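**Q** The structure's right below; bear with me while I get my questions together.
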């Protein structure tokens, strides 16, 4: 157990009680609560993760202006795991053991999250994970503030099916765990909706794929079977640019074959010639264009913090915004940063999201979010064309996959289980 | 602004077309249409679609500006009274234009109006219906677009206006498309079988995927003679498409090959001719791409009219910058490591990381926007083959670079020295060639060529600090496969790998395709360790 309440007379007693108080080297200075930031600042993922590091610094800065938490200032500890998955685990350990942080905000790729999971479990600390992911996981020490598949992929498919009348589906993705799992869920979902096997085309490409000619012409051919066709894209960040360019050059317009993407946000569009993308879709839980006061304030604060009036905001930033505020509220409610206390107090905490609603932490450590479908505009922003009527509860275990649909997750006592099997009545998932 | 202008132009056209009649009647028409237009703002997409259809059913071209504005997302509803206007941003709010009379209708604050949302399905509906409304336009281009839209829609409702337009059509190209559109609409209508058989023939003669898609619809929904005719036409089209498919694969292969050639050709000099394992080769390509970005950025800010020439300006600059970095690297690092391949490999790999991070710190980790000049955007059709301009120009460019490099190596004194030094260094030195300088310049040449490749690759790939990484493995593969030390080998190697890859991809998928190519090269190297075009003679053993 780790506790960082020190020095203050009031907390001395408590600290003595716990007996494991860690006294950091910075004791001489004013006592602070440390927050770890575990995002890659170099290597391939730096493109996405650097922004999140800055967003966290801003949130911490803002909180300090409001007086910190529990009367203490927050202090950010930034490390660079350099897009190197094993290094994520080392850096996480360093943050918790050496820097004595009370919570960590970080990771982007699923593989980096999987790499740090055992560390957070072993050292009993907290991780807030801000990116949409494939689901099929619920861990006691992790809070998933990004979208689960039912908060992004499934509503997007619903939209295409109901509003655009799509009957034929191309599931195109980069070859790694998130697209593969998401597509597995989508395939099961589509089949459950009565889509025939031959109306689904699944295609995987390597990371950073840049020669899309064959695939685009395949999509064109697949789309000319007399049925309305759409592409559901889990193509990862960088490979998207040449993909959309090829689509545009091949004369495929959004009205003919729309592409709905799960990894293309404002940040990705900022470095792009958006002309070939206009009219294509993306599904997220937040768009910078959200017309609310709280969002306008967030954007202003962000642009002032970063010193660039052109800088955009995006969905994972909002996830950190929600996650950070939830953590602050839970710490204040618990009166301590002790991970066990926070894990107990954070479930049920509600904080405003940036789209005008209240997001709550659910017992499965996922949160409630609205789902928005946006159309890409010429200026690199999205215009919401559809949104779910209410908030959607993040589902850790998909209802459409064998072995996963019987599982639920509830970290409240007395269940305290991330993979409770309702059929067998046992904790331990489908295997155990 | 230009949108507003084109709207007005279109409006003028519309007036010329049909509204010259009595103004009284026109006024009555407008009064009748007004509630329909205002209804566009009520309800969701389904409802809007119904209202669009109702507007089109009026058959009055005066609704065209309304539909156009709706499609472009410029149609707004005033919250106070539910009136619909075309709005353009101006001042602090919006300038309103009456959608039917296109007269100025005052202004509105940002919060007083809300946009009527439009999605892809609505846009399709609007395109199709605008098609039937603009079939008689004065401009043949507008008529052609209209006919194409009607063809895409294949709506039997469009049949009558189409036939009326056909009567008057004078332009042969437009006529042809109109005939095809008529056939498409006819197939979906309830006309007699003989008409439909004729229509199937017309459609079959188009022979492309759109035709195929239409015919499949016919085959699946009819029986008897019609079905047979459709099925026969489908088989014919599929056969010809399969043939075109092969041609397409070859084209794609050559295109991929030219990209490989561009990436590898600089390496063919530094690795192939000089024998330096240069892991930082990809970063030279990346630097070339960033030079393009900087040039475009400067042009955008100071001389936008030069944009279409930005690549020509970037080329020499990229060559010089990458080339001088190459010379510096050779002088500073590589010359101390000749004959120690492992250390060279590690040193240049480290260098590649340093260069990447330097660019990342300088320009930020995100992608930089490099635009395509006008002449590199779009595509043209060759038979059933879609050839995109950017790919075509890259092929041409790759071949030009190759030819240029050949010339330099074979016809210039510098080329002669280079070949002399790489073939027999000591002999060359004895003949008075300053071998260290030749080494540096040759390395600079290879790096400069990589920089030029970066300019071309910036047109099809992301410009990010990671750009080079994606090409380094492929480049080595090409050079090793083609035969170390032989430029012709690099050319043939790149093209072979490109074509093989593209023929494998449709069957094996992109991931497996790549693996197969790698396995193929490994096996090939076992058989012919020196690659396709092996150097012969004593130079090899040196």
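Every residue gets a Cβ built from N, Cα and C, even glycine.
A TrEMBL annotation is a machine prediction, not a hand-curated record.
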**Q** Could you tell me which of the ranges B:412-430, B:507-525 is annotated in TrEMBL as transmembrane segment?
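**A** Within the set B:412-430, B:507-525, TrEMBL attaches transmembrane segment to B:507-525.
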**Q** Tally Cβ pairs under 8 Å between the transmembrane segment (B:309-329) and each listed stretch (B:392-409, B:436-456, B:476-500), then give the stretch with the top tally.
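**A** Ranking B:392-409, B:436-456, B:476-500 by Cβ pairs under 8 Å to the transmembrane segment (B:309-329) puts B:436-456 first.
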**Q** Report, as numbers and ranges, which residues of the same chain sit near the transmembrane segment (B:392-409): CB under 8 Å and 6 or more residues beyond its ends.
**A** 254-255, 258-259, 261-262, 265, 269, 375-376, 415, 418-419, 445, 449, 452-453, 456, 459-460, 487, 491
**Q** Taking residues 6+ outside the transmembrane segment (B:284-303), which of them lie with a CB under 8 Å of any CB in it?
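**A** For the transmembrane segment (B:284-303), the list is 263, 266, 310-311, 313-314, 317-319, 321-322, 325-326, 355-356, 359, 363, 368-371, 447, 450-455, 457-458, 461, 463, 465-468, 471.
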**Q** Which residues of the same chain, at least 6 past either end of the transmembrane segment (B:436-456), have a Cβ under 8 Å from a Cβ in it?
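**A** For the transmembrane segment (B:436-456), the nonlocal Cβ contacts are 262-263, 265-270, 273-274, 276, 278, 281, 284-292, 311, 314-315, 318-327, 329-331, 334-335, 394, 397-398, 401, 405, 408, 414, 417-418, 421-422, 428, 467.
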**Q** Same chain, outside the transmembrane segment (B:476-500) by at least 6, Cβ under 8 Å from its Cβ: which residues?
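**A** For the transmembrane segment (B:476-500), the far contacts come to 249-250, 252-261, 263-265, 267-268, 271-273, 275, 402, 405-406, 409, 422, 517-518, 520-521, 524-525, 530-535.
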